[in-house]
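Pulled from Swiss-Prot, these are the features on record:
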- 26-245: domain 'Radical SAM core' (DOMAIN)
- Arg35, Arg84, Thr118, Lys178, Arg280, Val281, Arg282: GTP binding site (BINDING)
- Cys42, Cys46, Cys49: [4Fe-4S] cluster 1 binding site (BINDING)
- Tyr48, Gly88, Ser142, Met212: S-adenosyl-L-methionine binding site (BINDING)
- Cys275, Cys278, Cys292: [4Fe-4S] cluster 2 binding site (BINDING)
Amino acid sequence: MTPYDDSPAQAVSTAPRTTGPSLIDGFGRAVTYLRVSVTDRCDLRCVYCMAEHMTFLPKAEVLTLEELDRLASTFVGLGVRKLRLTGGEPLVRKGFIGLVARLSRHLSSGALDELTLTTNGSQLERYASDLARHGVRRINVSLDTLKPALFRALTRGGDVTRVIAGIDAAQAAGMTVKINAVALKHDNAGEIPALIQWAHGRGCDITLIETMPLGEVDQDRTDQFLSLQDVRRDLSSFWTLTDIPDSTGGPARYVHVAETGGRLGLITPLSNHFCDTCNRVRLTCTGTLHTCLGRDDASDLRAEIRRGASDAELVDAIHLAIGAKPKGHDFQIAAAQPAVARHMSTTGG
């Protein structure tokens, strides 16, 4: 097979092997979850994510598929058990399905528990069966509204019917779909109950996310901030919400909604941070390793690869970065300007 075609990958892990819980930060937290942005490009222009007339990175600055494979596989060799591919929009990256096929070897070998992705859903109808064939069992789909006009406005031109068709295709292919919705005070606040009912009616969990101060540095994020503590209080006035003791090391805290029978996740980086149990790091499409979404601390792994670093040297660079992972983020809703001046399309959503 050619390196990144769409053929089934051999069931052999080529990740550098270590023993024990390899990636432990300075606060004793094990890093077992890697999010990898495979591209900064996207076919939508969501208002809280990127500029309308976005200037994308030169291709030379973006990791090749081979480089993405090498870095992700190195992390798997160091004990990462969950790998999430993001963007931009990952499904617009040329050769993406081939990359998924290659990375699926770590599922076959048992080195990786889960290979998944976050998508805007616009290309999902086309690629759902391929993703399922290569071992993707769960996906997250970003969907902030079901209203066609509002969806077009928030995404600057998107078609919500394509996203819904993609969700249908993913479920038909056997994948579990979770909906991610950003809570926006002036746009979808009144639609949140209906969105939850719609998701649960389709057998999908849904997670609400507070706006985070990243992205366009000239934008005031306090205007759209909607506290999910307030949302939960309002929902509790007509639904029965029961906390679910589900500790995944992630930012979401889950409740069961008795009246719909579904799960609702709440990600509250501003009103109630999630740092103490953080088990994840992010690799951007340019090879920058961010050990905290809300801090500017970073390590340039692309430079290591392109200078010809050996596997052992690459492992050392990763250990050094993980050792410097901060205790918590710098997000504060009182600060009108973003705490971190970088686009989520590059960092990975």
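Note that the numbers count up from 1, one per residue, in the order the chain is shown.
Positions of Cβ are set from backbone N, Cα and C atoms, glycine also.
Pairwise Cα distances among Arg35, Arg84, Thr118, Lys178, Arg280, Val281, Arg282, the recorded GTP-binding residues, top out at 21 Å. Checking the binding-site residues (Tyr48, Ser142, Cys292) against Thr118 (GTP binding site) with a 10 Å Cα-Cα cut-off leaves Ser142. Over all protein chains present, the Cβ of Gly88 (S-adenosyl-L-methionine binding site) has 30 other Cβ atoms lying within 10 Å. Taking the Cα atom of each, Cys49 ([4Fe-4S] cluster 1 binding site) and Gly88 (S-adenosyl-L-methionine binding site) are about 9 angstrom apart. A straight line from the CA of Cys42 ([4Fe-4S] cluster 1 binding site) to the CA of Gly88 (S-adenosyl-L-methionine binding site) spans 5 Å. Note on the domain 'Radical SAM core' (26-245): mean pLDDT across this stretch is 95.
Taking the C-alpha atom of Gly88 (S-adenosyl-L-methionine binding site) as reference, the shortest distance to any of the binding-site residues Cys46, Cys278, Arg282 belongs to Cys46. Tyr48 (S-adenosyl-L-methionine binding site) sits 19 Å from Arg282 (GTP binding site), taking the Cα positions as reference. In sequence order, the binding-site residues near Arg282 (GTP binding site) (Cα within 10 Å of its Cα) amount to none of Ser142, Met212, Cys275. The Cβ of Val281 (GTP binding site) lies under 8 Å from the Cβ of Val31, Tyr33, Leu34, Arg35, Leu289, His290, Thr291, Ala321, Ile322, Lys325, each on the same chain and at least six residues away in sequence. In terms of C-alpha distance, the listed binding-site residues Ser142, Lys178, Met212 place Met212 closest to Cys278 ([4Fe-4S] cluster 2 binding site).
DSSP gives Ser142 (S-adenosyl-L-methionine binding site) a strand state.
Using Lys178 (GTP binding site) as the reference Cα, a 10 A cut-off selects Ser142 from the binding-site residues Cys46, Ser142, Met212, Cys275.
Cys275 ([4Fe-4S] cluster 2 binding site) is surrounded by 16 other CB atoms, counting those within 10 A of its CB over all protein chains shown.
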